[in-house]
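The next block holds one structure in the form of structure tokens; read it before the comments.
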Amino acid sequence: MENLISLIGTSCNFVQGYFFFKTVSCLLKPREPRFLQILAWMLCTLVSSVVIFAQDPVNILVVLCLFFGTTLFFEGPWYLKISAVMILYPIATALNFLLNNIGTWIFFTFWGGMGFTNLLFSNLAEIVPLLFWFVFYRSMNRRLLKARQLLDRRSWLFLSLICLASLTAVVSLVCFTPNLAPAAYPCMLACIATNFTSIYLASYLADTIQADMERKNLRLQKDYYEELEKNQLQIRRLRHDMNSHFAVVDSLLKDRNIKEALEYLEKLMGYIETGNRPFCKNSVVNALLNAKYNQASEQNIDCFFSISIDGFTKLDDITLCSVFANTLDNAIEACSKIPSGQQRKISAKARYTKEGYFSYEIVNTKENEVQKRKGRFLTDKEDPHSHGLGIASVQEIIEKNGGTLDISYTEKEFRLTIFL
């Protein structure tokens, strides 16, 4: 009977650890292969179920280090790993402290003794944290997943700073509170509530970002249809005027003004080429590329776009457009500083393979010297607040999605390469 009761308690610990592991997985992706995930589950079980006593700095600090070590079995940027610890560790520690202290008080007040009753009570009490982490995971998993997808590094560091107050309070209360001191209980509950609120704050920020992205998506679609309507109107006008154009060319040729006829045809071809070009099948991205192509052409920049991204869904349209727009804007800006008559050239190539790999390379000629400060690229824009935000924004997007961004340059050329 005693073995059965102990087995029930141990099983509750592992199930509790599983839900804690699943909660961590909402913020960080477990590493492959499977045995590493099982090991991470075991470590999460230890972190979430270690008994925390009052005036016990060793346990609480060792478990904190263990939790940081556990994040090594998960994939994700360093700031997200810190946030996972800052958000979840104070909740787990405060919960275990309260359950141990309140449970001890209840047991010795109403039962007492160290025999079978103690074994039964201590093992059945493991159901409480199991239920807590089950409810926590079920209620918070979507909020955490959305926050992981949408929040940037600055937002996560801001949340970590808020939760650092809870972590400091929990550690201080555990280290300096006398045994069974009820005065610590409201503070512990407040720490749990603070971190719950932080998760709701992260979810609110994610909802705000998503709403902003949807507005941008609608604006891009509006711009796309306006561009399409403009091109259709241009084509209709061209068809209407085509007979007149042919008559002009015919007249010039009959008068043997070959040079003027060729110049007229060249201008006419340039007018025709300003229509919508099929760079890729993604209509939103294609509209953006057309806009940037036209912008570059107006500044006499020779552009070559080779975009093959059919089936690429890891980045949504807004994020993908942000990558293309920022890099192309930087390239156009650099080329525009090259004196007229010299080579102004931009080459942009993007490819998505069947194996699931995305690559993007943009190369542009340049004249100005590349400026860096503290590892950050600067622009020549007059507004100091806009320095390097384009590349920094792209780099943050790529790092957030587990990719790499490489930059190289020579005296006359700048190259940016992305792998995702």
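Note: Cβ is positioned from N, Cα and C throughout, glycine not excepted.
A TrEMBL annotation is a machine prediction, not a hand-curated record.
According to TrEMBL, the feature domain 'Sensor histidine kinase NatK-like C-terminal' maps to 318-419.
Feature annotation from TrEMBL assigns transmembrane segment to 35-54 (among others). Long-range contacts of the transmembrane segment (35-54) within its own chain (CB-CB distance under 8 A, at least 6 residues past either end) are made by residues 13-14, 16-18, 20-21, 24, 60, 63, 66-67, 69-70, 73-74, 89, 92-93, 96-97, 100-101, 126, 129, 133, 174, 177-181, 184.
TrEMBL lists 60-80 (among others) with the feature transmembrane segment. Long-range contacts of the transmembrane segment (60-80) within its own chain (CB-CB distance under 8 A, at least 6 residues past either end) are made by residues 24-25, 27-31, 36-37, 39-40, 43-44, 46-47, 50, 52, 88-89, 93, 148, 153, 156-157, 160, 170-171, 174-175, 399-400, 402.
Packing against the transmembrane segment (87-108) from elsewhere in the chain are residues 20, 23-24, 27, 47-54, 60, 63-64, 67, 118, 121-122, 125, 128-129, 132, 136, 159-160, 163, 166-167, 169-171, 173-174, 179-180, 184-185, 188-189, 191-192, 194-196, 198-199: each is 6 or more residues past its ends and has a CB under 8 Å from a CB in it. Summarising the annotation, TrEMBL assigns transmembrane segment to 87-108 (among others).
Here TrEMBL flags 114-136 (among others) as transmembrane segment.
Per TrEMBL, the feature transmembrane segment maps to 156-177 (among others).
Residues 54, 87-88, 90-91, 94-95, 97-98, 101-102, 140, 143-144, 146-147, 149-151, 155, 159, 162-163, 165-166, 169-170, 173, 177 of the same chain lie 6 or more positions beyond the ends of the transmembrane segment (183-206) yet place their CB under 8 Å from a CB of it. As annotated by TrEMBL, transmembrane segment applies to 183-206 (among others).
Long-range neighbours of the transmembrane segment (156-177) within the same chain, counting only residues 6 or more positions beyond its ends whose Cβ lies under 8 Å from a Cβ of the stretch, are 52-57, 60-61, 64, 79-80, 82-83, 86-87, 89-90, 93-94, 97, 183-184, 187-188, 190-191, 194-195, 198, 201-202. According to DSSP, the secondary structure content of the domain 'Sensor histidine kinase NatK-like C-terminal' (318-419) in residues is 34 helix, 35 strand, 33 coil.
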